[in-house]
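Single-structure report; data block below.
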Amino acid sequence: MNKAKRLEILTRLRDDNPNPTTELNFTTPFELLIAVLLSAQATDVGVNKATAKLYPVANTPQAILDLGLDGLKSYIKTIGLFNTKAVNTMKTCQMLVDLHGGEVPENRAALEALPGVGRKTANVVLNTAFGWPTIAVDTHIYRVSNRTKLAMGKTVDDVEQKLLKVVPKDFKVDVHHWLILHGRYTCVARKPKCGACIIEDLCEFKDKVE
Ligand code: SF4
């Protein structure tokens, strides 16, 4: 895909949604970190339902530690893989208290050292809580980037590196939200809604569905 087309795709996505953000509900970097940690292989809606009850009771590392493992599980048991996520959340809270004064560090290495926090979660937190131009590539971004040919790659890491290289500076902070939302609602996995797609004429996917 050439540069001009790429720019036009990004411009249209931006014009359509000038201030995109995550669909996970949060009010602090810590709330976002835990919501992202809980969202692996789960829906944002499911996570929001659980955190709507959890956060009014406990929205700091110490408060979650005070709930205890079973106490935390009682709030998140509707979320897939909740046992593992609960253990990781407790360990993460302990590390935040012990090493970072109870705050979420604005630092990639420190974030990735937290249990249950990988590169993608660190990218989301750095981007959405702290405004860094990081691009967290999930399954939606991977699919949209490859289908459209905006940024092709065999792995999510390849696509992330490609996007970081080809997306102009002005679009970097928000591009991951635009692509996730496009993948979640329009360029869906099984039957993309090409007939209703605002970048249909620019997309280079060979098997468009009308
Ligand atoms: S035209 Fe179809 S395949 Fe291309 S981005 Fe739009 S929905 Fe996805």
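The backbone N, Cα and C atoms fix where each Cβ goes, and this holds for glycine too.
As annotated by TrEMBL, domain 'HhH-GPD' applies to 38-185. Taken from TrEMBL, the feature [4Fe-4S] cluster binding site applies to C187, C194, C197, C203.
Positions of TrEMBL features highlighted on the structure.
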| residue | record | Cβ within 10 Å |
| --- | --- | --- |
| C187 | [4Fe-4S] cluster binding site | 23 |
| C194 | [4Fe-4S] cluster binding site | 17 |
| C197 | [4Fe-4S] cluster binding site | 19 |
| C203 | [4Fe-4S] cluster binding site | 21 |
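The [4Fe-4S] cluster site is set by C187, C194, C197, C203; from the centre of their CB atoms, other residues of the chain with a CB within 8 Å are R147, T148, T186, P192, K193, I199, E200, F205, K208. Mean per-residue pLDDT, taken over the domain 'HhH-GPD' (38-185), amounts to 96. Under the DSSP three-state reduction, C194 ([4Fe-4S] cluster binding site) is assigned to helix. Across the domain 'HhH-GPD' (38-185), DSSP helix (H, G, I), strand (E, B) and coil residues number 101 helix, 0 strand, 47 coil.
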